Structure formats: structure tokens, C-alpha cells
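Asker: Provided herewith is a single structure, encoded as C-alpha cells, for subsequent inquiry.
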């Protein structure tokens, strides 16, 4: 059996109310709280990194922002460690949430309140009982100022970011203690990293965003262009025609119907056979639409026929006007010459063809 001298106990690890020579009286050593190498104090809610080094949870949190590595061995800290920390004593967290006194101190988070850790709560309670207007706190490597008059806290070097604090009873609903959630289910959810060193809850609303269904765009009805069904994203076959031709086609559609009423159904040419002009292909709007509706019609032929139809709709009025002017000019020349004069008047059509009218 090992003697008292063989047990390696330092005086600093023993409680303060015990002497060194009394260590042999009770050979069973008491559990000691490890010290944090970052804040140089006893660990509050100690956590163990994958490298087996132990620190305060908030100290690891503050150090991970400066560099995601262990403060001692420089081994990398996992990304999800702050969301799923390895606590050395999980029961200590539940005991801290129940508290030892009647009141506790809280700071504001999103959708709830967080309870301060025991050390910070003692400092706040001591300053409040002494009637101080403010006190400083070291949290996660940052110095915070607690304004006990306005009940807010802020970083000493950044006064713009303020957070509400309050002193309330110990058993109010809370989110957790010092950034550690009390519910076990929250540890299984991959939460976003918190934005402040004091454990403020800044979880982004990822679940809300995932539940929002994407907007379903309503489909526009298919439109018919020359007998072909086209969607809004599909270009029409007559996309090469100009806007003026389309506008003229709409304006002259009423005139063409009126002309058909006194020319007769099926009459498309306005000139007589004796005009001497080479007749154009006998195509009508109805024929163009019927040809375009067939699947075997080529797209280029459809465009050519469509443009030719538009030109033919513009020709009758122009030819009639030119013929009237030619007749009048021929009559004037015959009267002025005192006899019959055969004058050939040439008029130019929009499609480049010329018509000769004999007087």
C-alpha cells in the first residue's frame, strides 16, 4: 500500500482550509476544478477539445474567433465544436441554471434571455448590492461594461453595440447559460456561429428559410403566330419582319376586308391582265396561314410569304393612285399637244417592280 509520501499532491491543489500535514488523514483526493490557460482562472463550464486540452467554454469561443486553433498546441478546432461542445460536467450546467440564490442575472438574446455564468453573476450582484453605477466584466477575452443604471452592457472599446441586461428570479424561462443551451435537442441541430463573445444567440433563421417553398411561376398561355404555337420564350418565325410592317398589317386589315367586299371573294389582283406587268404569285393571307400551319413548310418560306403578303396589302391603294395620276397626266399631254399622244408612264411599286400604263 502506498504511503503518504508517494502520493503526488501539491499544496495548491488542496482546499485552503486544510494544511499540508493533514493530507495523510484522508488519503482519498478531492476532485479539483482545472484551470484555464486563457483566462488564468478556474474553468467555468470546462470543455475538452479534441486535443484533450481543457478551457472555459467562453474562452474557447473567444479564442476561436482569433484563430480556430488550440491556445496551447495550435491544433485546429472543429467548426461545429461551439455548437456541440464536449462538457466535462454536464450536470454542472443544469445546476447552474437552477442557481444557488433567489435572483440571477440575464442578458438579452434573440427570442429569449441567457443567464450569465456563475462568476459573472457574482460580480454583477456584488456591484449591484454596493450601489455601483457600472462594473467591468471579462467575457471570452473581451472587456465588457455593465451599466447598472440603464441596464445595458457593451464592449469597452465599442459603445455602439448594446445589449439589455436584467436581474430576475432564478426560475424564469431561459435559453441557457452563457451560450450553452439547456435543451439537448438543440445540440443535434447545426446552428450558426454566434456573433458576440458573451454567448448571444444569433442563430440565423435557416429553418424558416428552408420551409418557405419556392414561388411557382405561372405559365403564360401559348400564343399562335401564323398557325404555330409559340411560348413567350420561343421566338416567332416572323421575328425578322420590322415593327412597321406589323403595324401596317394591323391597320390595313380592315381595309383589305372592305376591298374584298366589292372586289369579290378570291380576287386578289387589282390590275387588269392588259397591264403588261408580270403577275405575282397568287397567294392570299388565308393561303399563307394554311401553309404555315402545316408541319412540312419551311421557316424561311414562311417568312418570305408573310413579307410578300404584307407588301401585297400595301400595293392596291398605291397602284390605284399611280394609275389615276398616269391617266390624268396622259390626258393633259393629249390636250396640250392638240392630238392623241401615246405616253408611257412608269410607276414604281414598293417591291421593286415597275408597271407601264398605256394611254
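Cβ atoms are placed via backbone N, Cα and C, with glycine included.
Just lifted these from Swiss-Prot, have a look:
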- 36-74: zinc finger (ZN_FING)
- 84: ubiquitin cross-link (CROSSLNK)
- 94: ubiquitin cross-link (CROSSLNK)
- 130: ubiquitin cross-link (CROSSLNK)
- 175: ubiquitin cross-link (CROSSLNK)
- 284-298: compositional bias 'Acidic residues' (COMPBIAS)
- 290: phosphoserine (MOD_RES)
- 294: phosphoserine (MOD_RES)
- 306-322: compositional bias 'Polar residues' (COMPBIAS)
Asker: At a 10 Å cut-off from the C-beta of residue 84 (ubiquitin cross-link), count the other C-beta atoms across all protein chains.
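Answerer: So the number of other Cβ atoms within 10 Å of residue 84 (ubiquitin cross-link) is 13.
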Asker: Suppose we draw a 10 Å sphere around the Cβ of residue 130 (ubiquitin cross-link). How many other Cβ atoms does it contain, all chains included?
Answerer: 8
Asker: I'd like to confirm something. Which of the recorded sites, 84, 94, 130, has a Cα closest to the Cα of residue 175 (ubiquitin cross-link)?
Answerer: 94
Asker: Can you count helix, strand and coil residues in the zinc finger (36-74) using DSSP?
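Answerer: DSSP composition of the zinc finger (36-74): 10 helix, 8 strand, 21 coil.
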Asker: Where's the emptiest Cβ shell within 10 Å among the recorded sites 94, 175?
Answerer: 94
Asker: To what whole number does the mean pLDDT across the zinc finger (36-74) round?
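Answerer: Mean model confidence (pLDDT) across the zinc finger (36-74) is 88.
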Asker: Rounded to the nearest Å, what's the C-alpha distance separating residue 130 (ubiquitin cross-link) and residue 94 (ubiquitin cross-link)? Just drop the number here, would you?
Answerer: 29
Asker: Residue 84 (ubiquitin cross-link) to residue 94 (ubiquitin cross-link): how many Å between their Cα atoms?
Answerer: 16
